[in-house]
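> Feature list, courtesy of TrEMBL:
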- 296-352: domain 'PAC' (DOMAIN)
- 380-512: domain 'GGDEF' (DOMAIN)
- 521-769: domain 'EAL' (DOMAIN)
- 40-61: transmembrane segment (TRANSMEM)
- 73-94: transmembrane segment (TRANSMEM)
- 109-128: transmembrane segment (TRANSMEM)
- 135-162: transmembrane segment (TRANSMEM)
- 182-205: transmembrane segment (TRANSMEM)
Amino acid sequence: MRGRLSFSALASRARAALRTLFQREEPSSEQGAALLRDQAGLLFFLSLLFPIAGTLNCLFIAAHFQPLERPAVLVNALLVALFYGAIFHAALRWKRNADDLGFLRRAKWLYVGLGLSWGSVINMFCFYGEPDQMALILALACSVVSTPIISVPLSVAFGFFLPNAVLSVIAVSFTMAHPDPVATVAFISFTLYAAVGILCVNWTFNGRAEARAALQREITTVKVFLREYREGSPDWLWETDAQGYLRFAPSNLAVSIGMSEQNLLSKRLPDLLVSRSGTADPEDRRFPDLDSCFRRQLAFREMVTTLADAEQPRWFALTGHPVFDTKGRLTGFRGIGRDITERYEADQKLTFMANHDGLTGLLNRKAFVALVEQACFEGRPFAIASIDLDDFKGKNDSYGHHIGDALLLRVAERIRAAIRPGDAAGRLGGDEFAVLLYDMDIEQGHALATRLAKALSEPARINDLTLVPGASLGVSASEGFDNDAPRMLMLTDLALYKAKEQGKGTACRFEPSMELEYRRRLLREVELAQAISQGEITVAYQPIVDLLTGHVVCAEALARWRHPIRGIIPPNLFIETAERSGLIDRLGEFILRSACQDAARWDAPIQVNVNLSAVQLNSGQLPAIVSRILEETRLPPGRLALEITETMLLNFSDSALQQLQSLRAQGIKLVLDDFGTGYSSLSYLLRIEVDGIKIDRSFTMRLPDPKVAAIYRTVTRLAADLNTYVVAEGIEEPSQLEWLRQNGVHFGQGYLLGRPQETAPAPKAAYLT
């Protein structure tokens with residue numbers, strides 16, 4: 001069944017092909033009509049050529065066979081001429097009315113009659129011909145049989161070929177007086193070759209005609225699209241000659257630039273529109289040059305161009321490619337253009353927003369760092385100054401964010417005024433700024449930074465307030481540092497840190513010793529992190545003693561670093577490193593947990609004091625951490641006291657205050673450590689309630705100096721009024737102890753009473769036993 005279906009389909013296709021070849025029905029498609037028109041056109045040309053050549057040829061040869069004495073020869077020759085005349089007339093008629101199918105149908109029957117007439121003529125020639133005329137007759141028969149090879153359609157070609165070929169074979173094979181078998185076989189073979197040639201020529205002609213019709217349809221479609229594109233699209237087509245002159249003037253371009261189409265034709269496109277690299281900043285050097293593309297015969301895509309001379313700039317995107325002739329010679333350029341002014345300006349705004357700070361309009365960190373990297377890549381000498389405002393957070397918190405923003409704007413204005421037009425300024429974040437100073441060495445950069453520090457120290461009037469911005473600056477320069485952008489920025493920050501250490505409103509330039517100290521600090525940070533992980537940090541406890549009874553009432557937890565090489569390192573040498581590196585949270589939690597675990601195991605239920613760092617309050621999680629540790633160690637909250645220093649209260653925030661209040665609400669005590677060393681100790685006692693005050697050892701060491709003694713008595717009375725106890729730190733001499741006991745100071749701490757021990761503190765101080 002499958003085989004029969006396949007054969008049936010093949011037969012159906014064959015019948016369809018034969019119908020097409022023989023033109024059995026009127027075409028129902030544009031493609032069929034176009035094929036019919038091509039066939040009629042070629043047949044028209046042949047129908048004008050064949051009658052003239054065929055009639056003369058027939059009559060000329062017939063004259064050699066005595067037509068007057070042989071009427072049959074004359075009649076058949078005249079019949080051939082008559083059919084040729086009818087064919088000629090049919091061709092002219094088609095030219096007038098253009099009836100393709102009618103012309104082909106009439107031509108088919110006329111060519112059948114012509115084929116019969118030629119076959120009869122050749123038979124007459126063979127019948128009456130002499131032996132010496134047989135070669136002429138064979139040549140005539142071959143030429144007539146091969147004539148339809150160039151004829152279309154197949155129905156007309158075979159209409160002439162079949163009767164003529166059959167009669168000619170009969171004439172050569174039987175009508176001749178002395179048939180030659182070799183000549184007969186050769187003629188029959190030639191006839192078959194002609195039949196194959198007719199089929200091949202018609203098949204090829206039809207295929208090419210169909211392809212040409214399909215191509216014409218595509219061309220028509222493209223023309224329609226192009227017309228609609230030109231009428232409805234903002235894009236425009238352009239074409240130039242080999243010199244770059246426009247061959248036609250795009251109307252959209254003429255309207256966009258306000259120039260007449262006639263003037264456009266006198267302009268070279270690379271002179272009319274220039275790429276961004278010809279008019280923009282050095283950062284646009286990556287864009288190609290339109291004129292160079294024309295000179296180097298290079299294709300380009302979406303090249304951003306603008307008018308060479310225009311008061312109001314307009315922007316265009318050009319895409320084009322060179323056009324060459326068959327010999328490879330440039331004939332011009334061709335492409336598409338588009339007015340992208342609105343899109344380009346919108347992109348520029350977005351680019352500006354992506355590269356600039358929204359408040360000050362200065363470069364943001366990403367764009368500023370990119371400029372530094374570009375300067376390093378170009379090998380251009382430069383200096384960098386980092387700027388950090390002094391106490392900006394305090395001003396911002398005190399007066400509000402709107403005042404802080406206004407102050408930042410004033411700072412940005414002064415920075416712009418201090419640098420040169422070619423330099424760059426950026427806001428790196430918060431109250432951090434930086435300037436990039438091209439073609440400056442370290443001395444010049446430091447001099448400008450000093451002037452800028454002075455300018456920023458001038459008061460600024462904002463609303464009804466007078467504020468002094470104040471800033472610290474660090475400066476580094478590119479010479480000697482291999483133009484390494486990240487390292488350059490790091491060195492500038494090192495100089496800035498040094499400037500902040502030296503005081504407010506100063507400018508400090510980078511020195512090699514700063515980097516050495518920085519690397520040492522990094523090493524200490526790495527070692528400290530390893531020490532916390534490897535258990536090198538231990539906790540020792542120094543007792544706080546009741547000076548009247550000698551009993552130990554509590555113990556202060558003090559961290560010790562058992563360094564494998566340097567031995568015991570006290571906390572004053574590594575706590576700052578922990579705070580600077582961010583390790584203080586891990587370290588502080590470790591010390592707190594260790595202290596609570598140890599205190600929970602002590603026999604005496606005495607209090608344990610743990611020092612608190614200001615950095616531990618930054619996360620806002622301290623109350624939760626302390627609560628969790630107390631729960632894990634099962635230490636009652638009343639046995640834990642946290643010591644806070646006056647210095648950590650200098651930048652006290654509302655969040656820190658709330659956390660300390662939350663800790664007191666849990667039952668944890670707060671002790672003010674190092675009292676008297678801050679800027680205004682008494683003011684902090686108004687903001688936060690404390691359970692104890694520890695007077696700094698610097699006062700204890702100077703006892704019994706009358707002034708110090710007066711301060712001690714005042715603080716003791718103040719503490720009594722506030723229901724707060726006082727602890728004297730740094731008791732190392734018996735005379736100090738005796739004075740404190742006589743003047744009502746009940747608690748003390750110092751080497752005289754007990755040194756820090758990693759074991760549980762003794763019940764009583766040995767000195768007072």
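Just so you know, glycine gets a Cβ as well, placed from its N, Cα and C.
Curation plays no part in TrEMBL annotations; they are all automatic predictions.
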> For the transmembrane segment (182-205), could you work out the same-chain residues 6 or more beyond its ends whose Cβ comes under 8 Å from its Cβ atoms?
21, 38-39, 42, 134, 138, 141-142, 145-146, 148-154, 157-158, 161, 165, 168-169, 172-173
> Could you give me the DSSP helix, strand and coil counts for the domain 'GGDEF' (380-512)?
60 helix, 37 strand, 36 coil
> For the domain 'EAL' (521-769), what's the mean pLDDT in this predicted model?
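It averages 86.
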> When secondary structure is assigned with DSSP, how many helix, strand and coil residues does the domain 'PAC' (296-352) contain?
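Across the domain 'PAC' (296-352), the residues distribute as 13 helix, 28 strand, 16 coil.
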